[in-house]
Ligand SMILES: NC(=O)C1=CN([C@@H]2O[C@H](COP(=O)(O)OP(=O)(O)OC[C@H]3O[C@@H](n4cnc5c(N)ncnc54)[C@H](O)[C@@H]3O)[C@@H](O)[C@H]2O)[C@H](O)CC1
Ligand SMILES: [K+]
């Protein structure tokens, strides 16, 4: 496995490619989101044999932007997709906003993460086949907001009672990408983490090594 990167090193590689005119941030985000969907179908091919339901947990930044790319892609496969957004589409970074608006303008359902409060997720109907954690990626700088932690807890009830999958985009939200420190305590391990270009230190060090599930590294052409 190639050497693990810090978040700063990853950003530098991305920015150098963008500044050099090799690729745009929007293209990188599109490739990243599509790489996650590809990894899902490669890992669980039976999910391809019928339209399913996905819950996308999207955050305020570009990790959330990846989440909206994934949401659009799964809708293309005929899936029932609901995005639970911690953030405001209008305040998202430009690349993320393009994908979020594409989803919303195509009739995609964007809900606040509040619905989970008081909702007994053990008996979610219809059950969610795949949860996508796109709350925070390498930009996480402090413990998760309480409502994000609460949303994760709600989903853990459903996961205990129904066989759904949890896929972390780039890194499980709550894990510091540079140290592997779990900045927020919550009992949710992903089945799979899909990261881009190279593993990050937080995937291999500290608690992060135990909170990846299956770690898939996808090339996004950098
Ligand atoms: N750069 C690109 O074109 C690509 C990036 N990829 C994806 O982008 C994320 C990194 O995105 P970024 O916007 O830098 O950060 P996050 O989305 O991880 O975080 C959003 C935002 O949230 C703020 N924040 C940090 N910690 C907290 C907190 N505890 N509570 C509230 N808000 C918080 C902070 O301002 C962050 O900026 C990367 O992981 C990839 O998923 C694409 O994959 C490739 C193209
Ligand atoms: K994430």
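Each residue, glycine too, has its Cβ placed from N, Cα and C.
The domain 'YjeF N-terminal' feature in TrEMBL is assigned to 10-222.
The secondary structure of residue 63 (K(+) binding site), as reduced to three states from DSSP, is helical. Counting only same-chain residues six or more apart in sequence, the Cβ atoms lying under 8 angstroms from the Cβ of residue 63 (K(+) binding site) belong to 134, 135, 136, 137, 138, 139, 169, 170, 173. According to TrEMBL, the feature (6S)-NADPHX binding site maps to 62, 63, 64, 65, 66, 137, 138, 139, 140, 141, 142, 143, 170.
The K(+) binding site feature in TrEMBL is assigned to 63, 133, 173.
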Quiz item: Relative to the Cα of residue 133 (K(+) binding site), which of the binding-site residues 62, 66, 140, 142 has the closest Cα?
Solution: 66
Quiz item: Is any of 62, 66, 140 (binding-site residues) within Cβ reach of ligand 2, i.e. under 6 A, and which?
Solution: none
